[in-house]
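Peer 1: So Swiss-Prot says this about it:
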ACT_SITE  146  active site
BINDING   161, 162, 163, 164, 165, 166, 167, 168  ATP binding site
ACT_SITE  167  active site
BINDING   168, 210  Mg(2+) binding site
ACT_SITE  185  active site, proton acceptor
ACT_SITE  250  active site
REGION    271-276  region 'Important for the catalytic mechanism of dephosphorylation'
């Protein structure tokens, strides 16, 4: 990932209001940030932000009341040595939290080395938690996919397929049935955790749905506030096809998945044909996926019944004609 745009200035601008940050000194170092190696070697955002640590270089160092108190109890020689080691690590910036006064020697060294120094009245723990969440978001893997992203029965569903198959019309039908629109045409996905991908709408396309013959529709204005969603976790991909290809299976023996940002996402394929109620089919696919997530697999249950019937043809099953 390109980390050139992530620097002290951008982080300060994005978090100044939330964390009540003040830029004390080191303004010349506004371009300081993380190296690509540092980000690549980090297993999580916890490796990029933390309490004062002289072992891990190139990380955001937060000095709370405990660190300042420890500093005050050191001898002048130890204070000078610790401050020199801290600045030598070349952190993107330093934060003095908890409303504590920044030590004069720290301010002086930050000024001389152009190391940004922020202060905040918030506790060190709160600052670290907030910055870790922020870093995990901006450094998370991202992708933009084409389709209509909807909230159907509380599940994030992406409608995909070739142009002209009626994805937007299907989305409009589902919205009229009480489901919610997240994004149309271009959907921004980001992997925020080890087991989920979140989808949002680009700001330019917020609340808009393009339908051929009608143009752009403002779904929020037409259907109301409850017809749109800010974000949803992607759980199912519904691919619309005009006609089955050679790989299309009417009764697939294994669940289909699509890799999205390194995670396997469940997928179903629905053929578009005259007379087919696609909205009902999509809702049924969503309900079936919900059952599968709960451990209920209808196809596997049927195969188990079939296997038992083949092993014992004379066995009695509910509903068997005799």
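The backbone N, Cα and C atoms fix where each Cβ goes, glycine too.
The shown structure was predicted, so the numbers you read here are calculated from the model rather than taken from an experiment.
Can you walk me through where each of these features ends up in the structure?
Peer 2: Secondary structure at residue 146 (active site), taken from DSSP and collapsed to helix, strand or coil, is strand. Around the Cβ of residue 146 (active site), a 10 Å sphere holds 13 further Cβ atoms from the protein chains shown.
For residue 165 (ATP binding site), the Cβ neighbour count at a 10 Å cut-off comes to 18, with all displayed protein chains included.
For residue 167 (ATP binding site), the count of additional Cβ atoms within 10 Å of its Cβ stands at 24 [all protein chains shown].
All protein chains considered, the CB of residue 168 (ATP binding site) has 19 other CB atoms within 10 Å.
Under DSSP, residue 185 (active site, proton acceptor) is assigned to a strand (E or B) in the three-state scheme. Of all Cβ atoms in the protein chains displayed, 16 besides its own lie within 10 Å of the Cβ of residue 185 (active site, proton acceptor).
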Peer 1: Would you identify the secondary structure of residue 164 (ATP binding site) according to DSSP, in three states?
Peer 2: coil
Peer 1: Using a 10 Å radius around its CB, how many other CB atoms surround residue 163 (ATP binding site)?
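Peer 2: Excluding its own Cβ, the number within 10 Å is 7.
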Peer 1: Counting distance between Cα atoms, which of the binding-site residues 161, 163, 164, 210 is nearest residue 185 (active site, proton acceptor)?
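Peer 2: With Cα distances computed to residue 185 (active site, proton acceptor), the winner among 161, 163, 164, 210 is 210.
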Peer 1: Report the member of 162, 210 (the binding-site residues) whose C-beta atom has the most other C-beta atoms within 10 angstroms.
Peer 2: 210
Peer 1: For the ATP site given as 161, 162, 163, 164, 165, 166, 167, 168, which other residues of the same chain have their Cβ within 8 Å of the site's Cβ centre?
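Peer 2: Neighbours found: 240, 272.
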